[in-house]
Amino acid sequence: MRLIITEKDNAARRIAEILSEGGASANRQNGVNVYRWGDTRVVGLSGHVVGVDFPKEYNDWRDVEPVELIDADVTKEPTQENIVATLKQLAREADEATIATDYDREGELIGKEAYELIREETDAPVDRVRFSSITEREVRDAFANPDDIDFDLAAAGEARQIIDLVWGAALTRFLSLSARQLGDDFISVGRVQSPTLKLIVDREREIQAFDPEDYWEIFADLQKNGSGFEAQYFYDDDGKEAERVWVEDDADDAYADLTSVDAATVTSVRRRTRTDSPPTPFNTTAFISAASSLGYSAQQAMSIAEELYTTGYITYPRTDNTVYPDDLEEDALLDEFVGAGHFGEDAEALLEQADITATEGDEETTDHPPIHPTGEIPPKVDLSDDEWEIYELVVRRFFATVAEAATWEHLRVVADAGGRSLKANGKRLVEPGYHEVYPYSSASENHVPDVEEGEELAISEVRMEAKQTQPPRRYGQSRLIQTMEDKGLGTKSTRHNSIEKLYDRGYIEGDPPRPTTLAMAVVEAAEEFADHVVSDEMTAQLEADMTAIANGEATLDEVADESREMLKRVFDELRDSREEIGEHLQESLKADKTLGPCPKCGEDMLVRRSRQGSYFVGCDGFPECRNTLPLPSTGEPQVLEDHCEEHDMHHVKMLAGRDTFVHGCPRCEAEKADESEDEVIGPCPECGSEHDGELAIKHLRSGSRLVGCTRYPECDYSLPLPRNGDISVTEAFCEEHDLPELVIDADSDDPWELGCPICNYEEYQARTAVEDLEDLSGIGSATAEKLGDAGVDSLAALREADPDVVATEVQGVSATQVRDWQDELEA
DNA sequence: GCAAGGTC
């Protein structure tokens with residue numbers, strides 16, 4: 001038997017299709033897809049299926065001095081048990097094996113890991129094939145010309161694994177232990193995350209140190225044939241054109257000169273046409289950046305792209321490549337979109353171009369093609385709104401890369417008024433070119449009329465504006481990812497995760513991300529004692545070392561040992577400052593949690609966590625002072641800069657994904673609840689008949705509201721109510737539940753008719769059931785609703801369902817598909 | 001429980 005191993009299931013399936021000429025079938029072994037035809041089996045891994053770690057005697061952080069990790073063994077253990085088991089079973093039956101993982105460094109290492117697992121079972125020959133994209137021609141070529149595993153290249157990857165683990169774990173444990181932060185709130189450090197955090201912290205330092213400077217700008221409205229256009233005053237500053245006037249008296253003088261005359265004389269008119277080239281194909285970074293201008297975070301953009309990829313609508317979303325492969329036939333792909341409602345007309349127009357040549361970016365890599373649509377077009381109803389918007393972006397980007405350039409006409413007019421110069425720059429889109437199919441990049445025009453040299457233009461108004469220089473702007477997520485790429489930090493697959501990690505660790509907050517006090521302290525400590533790990537030099541050095549290993553000029557052991565020696569020198573410096581660092585980190589942690597003074601004792605009120613894991617506000621004077629305030633039960637609290645004047649307390653925001661909301665001042669919220677009275681609306685359905693329990697609208701001190709039984713805590717029946725908006729009880733009545741209908745009047749003009757609170761809650765439960773189902777891979781909202789109609793209205797119901805029954809009940813769903821979902825639920 | 005890199 002011949003065994004082929006790929007990096008992921010998707011690649012295994014497509015390679016099986018190509019090599020078997022469509023004759024392959026799939027079955028599942030330990031929950032892993034195995035594709036088979038004739039004497040061949042193809043199995044896909046899930047990236048790395050083994051991971052590096054220290055032996056278990058190093059597990060307890062308090063038992064091990066962090067410095068001991070430097071010389072500890074580094075072992076490799078299976079992390080994907082099912083896949084490893086399947087691979088080994090298949091290896092036992094194999095007479096030969098072929099590694100077909102991705103064509104990049106990490107792919108070589110993943111291939112070598114598979115090779116070692118195979119070697120535990122058999123001595124059968126193992127070869128390696130390399131292809132840049134999974135197309136018929138490339139795959140056939142690669143399998144016709146197999147090569148050997150490049151063990152040096154794999155060793156380069158292993159050096160990275162070891163160095164990252166040793167530095168990351170030793171320094172993370174050192175900082176966490178010195179600040180006595182264990183458990184969930186440890187203080188992490190790493191080769192990628194720490195320099196990324198330093199980028200954010202450095203920018204924040206610039207902002208804090210920024211000293212704004214005053215300047216003035218002067219504008220004049222010029223008239224031509226009854227319509228006006230704006231021109232700006234400028235002067236010659238040592239051979240350069242300058243608009244900002246830094247001295248107020250100078251600005252006043254210029255303003256006086258400009259207002260002393262009624263007209264300006266045109267001294268020069270310059271026209272030129274500029275070609276505006278279409279954008280280059282999407283790599284991951286460019287895609288994230290385009291999605292971010294549509295309002296998606298990096299993480300959101302990537303998970304939607306992932307979904308579109310697994311359902312087969314777009315190509316692999318993790319790529320550095322910006323050059324389409326030779327065998328992508330642009331016109332054939334355009335053809336697929338002809339007649340496809342939304343895109344048909346644009347595709348036809350593009351096909352009418354005399355020449356269809358795609359743009360090319362600077363990066364050409366071997367691993368995957370740039371992100372483009374596959375040509376399989378989803379029905380719009382199968383995608384959520386977000387998915388459709390991202391899909392359309394990818395389609396239109398592909399369209400743009402094969403579209404013609406746009407042409408702009410620029411018109412620059414310079415005029416003299418009272419001895420002062422004025423200028424106006426106009427631009428007009430002459431040939432829209434790619435803008436016709438790619439509406440995302442700006443194509444805004446600025447009208448300046450045709451004028452001639454020597455022409456007199458009336459001045460209708462002169463304005464002087466006092467301005468101030470602005471501090472540099474914070475990095476947005478997509479700008480941050482671009483900067484990481486420029487500095488070589490992280491990879492196309494990990495950059496967005498690194499940023500998420502900084503949020504999770506409590507290092508950054510908000511969007512654009514702002515560093516917390518803790519982040520400032522961690523970066524300061526690292527700069528002082530472990531500058532290497534917080535600078536992008538560490539990655540640059542590692543890249544150079546990895547290249548040397550890959551070229552056979554150095555060995556894995558030499559490089560790893562040298563790195564370990566360097567880390568030992570860092571620990572020599574750290575040793576004496578352990579307490580000082582710990583105290584600084586602890587103070588910073590406290591600063592991030594401080595809301596304001598305790599009204600009872602004057603100490604700080606802090607955001608704390610109860611033993612049950614819920615958050616509340618507690619006094620730092622505990623146990624002498626036991627003053628507390630509740631917080632809402634959903635989400636992670638974040639202390640905002642906003643401030644309540646009355647209580648001198650910071651506002652709190654609760655982070656809970658889509659349900660994130662601002663709680664405000666916890667004292668105000670608690671007082672509001674104390675002042676409000678319960679409003680009885682009807683009998684309690686649980687205990688009304690037996691104990692005369694009644695339902696009432698209640699306000700809790702945590703800021704939430706609900707309809708609950710007046711006999712609470714004897715009866716805990718309750719229904720949720722929205723957090724915001726005035727609740728009013730209407731005359732309308734629900735006969736079924738004996739309750740009045742409610743209306744929620746938020747700030748918007750359109751009040752929400754919530755209706756009977758019981759009916760509303762039942763509808764809400766049905767709706768969330770559909771959303772739960774949609775979270776499964778490959779399930780669209782239409783299918784989820786159909787499942788709901790057929791009685792599969794929750795994940796639990798789906799897990800229990802008989803696949804054949806579901807398949808007959810719901811049109812368009814196969815029993816195999818249901819089994820896949822069930823497998824996914826089990827996993 | 002630590003990192004970063006794959007992948008879902």
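Glycine residues also receive a Cβ, built from the backbone N, Cα and C atoms like all the rest.
According to TrEMBL, the feature active site, O-(5'-phospho-DNA)-tyrosine intermediate maps to A:Tyr316. Positions annotated as domain 'Toprim' by TrEMBL: A:1-134. Under the heading domain 'Topo IA-type catalytic', TrEMBL lists A:150-571. Annotation comment: TrEMBL describes A:188-193 as region 'Interaction with DNA'. Annotated region 'Disordered' per TrEMBL: A:361-380, in sequence order. Taken from TrEMBL, the feature site 'Interaction with DNA' applies to A:His48, A:Arg160, A:Asp164, A:Arg318, A:Arg505.
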Residue from A:His48, A:Arg160, A:Asp164, A:Arg318 whose C-alpha is spatially nearest that of A:Arg505 (site 'Interaction with DNA'), among the recorded sites: A:Asp164
Cα-nearest neighbour of A:Tyr316 (active site, O-(5'-phospho-DNA)-tyrosine intermediate) within the listed recorded sites, A:His48, A:Arg160, A:Asp164: A:His48
Three-class DSSP secondary structure - A:Arg318 (site 'Interaction with DNA'): coil
Summary of DSSP states over the region 'Interaction with DNA' (A:188-193), given as helix, strand and coil counts: 1 helix, 0 strand, 5 coil
Cα distance (Å, whole number) from A:Arg160 (site 'Interaction with DNA') to A:His48 (site 'Interaction with DNA'): 14
Same chain, 6+ residues apart, C-beta under 8 Å of the C-beta of A:Asp164 (site 'Interaction with DNA'), given in sequence order: A:Gly190, A:Arg191
A:His48 (site 'Interaction with DNA'): secondary structure state under DSSP, collapsed to three categories: coil
Most crowded position, judged by CB atoms within 10 A, among A:His48, A:Arg160 as recorded sites: A:Arg160
